[in-house]
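Listed features, source TrEMBL:
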- 125-194: domain 'Connexin cysteine-rich' (DOMAIN)
- 25-44: transmembrane segment (TRANSMEM)
- 75-97: transmembrane segment (TRANSMEM)
- 109-132: transmembrane segment (TRANSMEM)
- 171-192: transmembrane segment (TRANSMEM)
Amino acid sequence: MSLNYIKNFYEGCLRPPTVIGQFHTLFFGSVRMFFLGVLGFAVYGNEALHFSCDPDKRELNIFCYNQFRPITPQVFWALQLVTVLVPGAVFHLYAACKNIDQEEILQKPIYTVFYIISVLLRIILEVLAFWLQSHLFGFQVHPLYMCDASALEKTFNVTKCMVPEHFEKTIFLSAMYTFTVITVVLCVAEIFEILCRRLGYLTSQ
């Protein structure tokens with residue numbers, strides 16, 4: 001792959017053919033990544049160290065934390081961001097290899113259809129991530145977690161565990177849900193923009 005292809009791919013990812021797509025990529029995408037990278041680490045970075053159960057034993061704390069967090073929120077949201085970027089990246093890689101200009105995407109029907117499909121896939125992945133997040137983390141972080149530790153040792157049975165900074169985590173969780181909803185709304189708005197511009201282009205012919 002030549003440097004020209006790489007340049008076209010880079011420009012295509014940073015400057016989609018729609019105004020809403022550019023807003024989503026340059027502004028909202030950056031804010032979302034900054035929010036997750038900086039504030040996410042501050043809120044969830046040391047959660048495992050401060051997660052404590054009664055009795056406060058290391059093996060019990062680790063066992064119950066793994067039960068409380070099957071996957072850490074930072075890893076889940078990082079995977080969500082990467083996965084959601086894949087459809088658009090694949091399309092822009094295809095456009096770069098075919099030397100398709102951004103203006104051509106909304107002028108030729110086949111390219112328009114492919115681009116709309118990539119946006120629809122983005123919507124599907126965001127909705128799926130929203131559903132998974134609700135099942136993994138819920139909508140509120142409670143200060144106490146009841147851990148079933150009978151598999152570790154029968155004398156433990158059900159034990160109480162303290163969740164550190166639960167209120168901050170609830171706020172952060174709500175923010176991540178909000179980001180997902182806004183992304184879906186922007187994707188839907190982008191499809192409407194594509195259809196309107198495509199209709200305007202056909203009318204002017």
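Cβ coordinates come from backbone N, Cα and C, glycine included.
Sorting each residue of the domain 'Connexin cysteine-rich' (125-194) by its DSSP state yields 42 helix, 10 strand, 18 coil. Mean pLDDT for the domain 'Connexin cysteine-rich' (125-194) in this predicted model: 87.
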